[in-house]
Every structure is written in C-alpha cells, then in structure tokens.
Amino acid sequence: MAQLYYKYGTMNSGKTIEILKVAHNYEEQGKPVVIMTSALDTRDGFGIVSSRIGMRREAIPISNDMDIFTFIAQLEEKPYCVLIDESQFLSKQNVYDLARVVDELNVPVMAFGLKNDFQNNLFEGSKHLLLLADKIDEIKTICQYCSKKATMVLRIENGKPVYEGDQIQIGGNETYIPVCRKHYFNPEI
C-alpha cells in the first residue's frame, strides 16, 4: 500500500541527493518515477533539481495552482514513485493533491524539504505535510559552527544574521546556513 513520506532537513542536509539516489534505484530496475520541484526554486534553472555535490536532473515544476493529482493521473505510464523537491514551497492544495495521489492512485509520494524557515516558522507546505504524511523522517546534518545536530536555518545578509523579512528568498550556501539552536541565537559571525 502506497504512503506519503515527508523527509525534512535543514539546508545542506542532502535532501536533493537523496531524491536523485531514490530515482536512480527505481530507474535502475526499469521502474519509472516522476520528479517534481517547486516552480519558485529557480537557483539552477526552472524545473531543475540540483544537489550541492553537482548532480542534477530535470523535474516538473509545481506552481501553487497546479492540479498535481490530475497531472499524475493522466500520465501515459503510471509512475512507481513521485519524488518532490523543495516541498516547503507547496501550497496546502498541492499537499492535499499529493495525498490523493497516494490514496486514490496507490502511488507512493516522497516529499523532501525544509521544515521551518529562518524565523523558525513552518512553511505552508511543511505544515500540511506534517499533518498528512504517513511517515515523517528527519534528514540530519551538522551545525556549521559546532558540529552538533543542525535544527535551524540561519539567514545571513552582508555577513550578519537576519531574523526578519520575507519568508521566501531563494538562495544557497551564500544566504542560508544550517545551525543548532545555540548558534541560531548566537552565531559565531
């Protein structure tokens, strides 16, 4: 029976490389998958999932008003798995569509993304995945300053920590860093 998986981690925890690994494992056995990502994330191009170690693949971009359920249901070949990158940017309706893919089409969905933003608020997509997912797993990484488990994301602008501003600002290593709680409140900058 298919399930909805939510795998979250801070920046630089290996979420995208995990997607690419899972896709490779399915495809190596001749089982097609669908890789999707938020249309908001254009760091490496529109509709591209890209890991920090250099691996990348094309993906289907998801807009907030996309009917994901209908898109998957109308594919000529039923996928063995749907893999979602940057799931924190999904809308509530996107997440409910993913649950329908699992429940009505019996296709497993694995959604990967951040849980909380730089202000320690849940993203809309993360909130609804936490509510609806059958299985929730944390992908761990370490604090940039002390090597404890990183649980938060620190936004850095002009060499200084930022705790206010727009929730969504697409960036990479130069803007966001994984930190533990202690170094979120007292970064060693």
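Yeah, the Cβs are placed from backbone N, Cα and C, and that goes for glycine too.
In the structure as shown, the Cβ atom of Glu86 (active site, proton acceptor) sits within 10 Å of 27 other Cβ atoms. Residues or ranges marked as active site, proton acceptor in Swiss-Prot: Glu86.
For Gly9, Thr10, Met11, Asn12, Ser13, Gly14, Lys15, Thr16, Asp85, Glu86, Ser87, Gln88, the entry in Swiss-Prot reads ATP binding site, with the evidence type sequence analysis. All protein chains included, Met11 (ATP binding site) registers 23 other Cβ atoms within 10 Å of its own Cβ.
Residues or ranges marked as Zn(2+) binding site in Swiss-Prot (evidence: sequence analysis): Cys143, Cys146, Cys180, His183. The Cβ neighbour count for His183 (Zn(2+) binding site), using a 10 Å radius and every protein chain shown, is 21.
The Cα of Ser87 (ATP binding site) lies closest to that of Cys143, out of the binding-site residues Cys143, Cys146, His183.
Rounded to the nearest whole angstrom, the C-alpha distance between Gly9 (ATP binding site) and Cys180 (Zn(2+) binding site) is 12. For the ATP site listed in the record, the two most distant Cα atoms among Gly9, Thr10, Met11, Asn12, Ser13, Gly14, Lys15, Thr16, Asp85, Glu86, Ser87, Gln88 lie 15 Å apart. Cys146 (Zn(2+) binding site) and Ser13 (ATP binding site) have their C-alpha atoms 15 Å apart, to the nearest angstrom. Summary of the Zn(2+) site environment: with the site residues Cys143, Cys146, Cys180, His183 set aside, the chain residues having Cβ atoms within 8 Å of the Cβ mean position are Ile142, Gln144, Tyr145, Ser147, Lys148, Ala150, Val179, Arg181, Lys182, Tyr184.
Cβ neighbour count for Asp85 (ATP binding site) (all protein chains, 10 Å cutoff from its Cβ): 26.
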